[in-house]
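Lifted from Swiss-Prot, the feature list:
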type	residues	note
ACT_SITE	S37	active site, nucleophile
SITE	N40	site 'Could have a critical role in the catalytic mechanism'
BINDING	N40, Y178, V179, L180, A181, E182, Y202	substrate binding site
SITE	R98	site 'Could be involved in aa-tRNA binding'
SITE	Y178	site 'Could be involved in aa-tRNA binding'
SITE	E182	site 'Could have a critical role in the catalytic mechanism'
SITE	L200	site 'Essential for the cyclodipeptide synthase specificity'
Amino acid sequence: MLAGLVPAPDHGMREEILGDRSRLIRQRGEHALIGISAGNSYFSQKNTVMLLQWAGQRFERTDVVYVDTHIDEMLIADGRSAQEAERSVKRTLKDLRRRLRRSLESVGDHAERFRVRSLSELQETPEYRAVRERTDRAFEEDAEFATACEDMVRAVVMNRPGDGVGISAEHLRAGLNYVLAEAPLFADSPGVFSVPSSVLCYHIDTPITAFLSRRETGFRAAEGQAYVVVRPQELADAA
């Protein structure tokens with residue numbers, strides 16, 4: 001634990017650290033990446049507040065990234081018109097930004113440790129682009145990594161908001177665009193955020209985190225990359 005951070009209550013959250021390397025990196029407390037999925041009902045005001053309070057007392061810096069890319073493509077695949085999809089995405093993102101602002105207010109003096117950006121903003125940075133080149137190449141050249149990404153696509157599509165009207169080729173294309181946009185954050189968040197080490201924090205173990213947290217050959221996570229599943233105690237107990 002770094003200077004300035006003190007042992008803190010768990011804020012009702014339970015951690016599951018994925019792998020021995022992640023455990024060592026997690027102990028440093030240098031940087032956390034919190035990914036927020038727009039439209040995901042898990043990220044209620046209550047859960048988001050608990051998550052940010054938990055991170056604010058455990059990490060020197062925390063980047064919060066909310067995904068605002070390729071959401072409209074999924075809605076269009078569901079049968080919405082382009083105009084309907086655009087309006088729906090705008091409403092969803094407006095509500096999400098409001099919840100994030102309120103959640104940051106709850107962390108008090110720790111708010112200065114946080115930076116909030118959309119994925120589309122992050123995509124404009126040279127650091128993200130450099131890592132994206134590597135993950136795109138790995139998707140084409142490393143069959144096992146590609147399989148993990150495809151498993152993630154199916155998970156995204158099957159758990160999308162809405163009525164679940166079935167899975168089409170359009171859904172899978174939209175899901176792949178969504179997952180490949182996120183892949184740099186899974187594989188090398190230290191590189192994307194220019195930090196020595198980073199802990200990716202999410203409420204479930206995804207196909208990509210499960211794969212990269214164990215991979216020792218071929219395309220691997222960056223040396224300073226760690227993974228933690230963190231969620232409210234009552235949800236962890238029910239899992």
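Just so it is clear, glycine is given a Cβ too, placed from its N, Cα and C backbone atoms.
Positions of the features from Swiss-Prot, shown on the structure.
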{"residue": "S37", "record": "active site, nucleophile", "DSSP class": "strand"}
{"residue": "R98", "record": "site 'Could be involved in aa-tRNA binding'", "DSSP class": "helix"}
{"residue": "Y178", "record": "substrate binding site", "DSSP class": "helix"}
{"residue": "L200", "record": "site 'Essential for the cyclodipeptide synthase specificity'", "DSSP class": "strand"}
Densest Cβ neighbourhood among L180, L200 (recorded positions), 10 Å radius: L200
Closest of N40, R98, L200 to E182 (substrate binding site), Cα positions, recorded sites only: L200
Chain-internal residues, separated by at least six, CB under 8 A from A181 (substrate binding site): V67, T69, H70, L119, Q123
Integer Cα-Cα distance in angstrom, Y178 (substrate binding site) to R98 (site 'Could be involved in aa-tRNA binding'): 23
Integer Å distance between the CA atoms belonging to L180 (substrate binding site) and L200 (site 'Essential for the cyclodipeptide synthase specificity'): 16
Most distant Cα pair in Å, residues N40, Y178, V179, L180, A181, E182, Y202 binding substrate: 19
From recorded positions R98, L180, Y202, the one whose Cα lies nearest N40 (site 'Could have a critical role in the catalytic mechanism'): Y202
Recorded positions listed as R98, Y178, least Cβ neighbours within 10 Å: R98
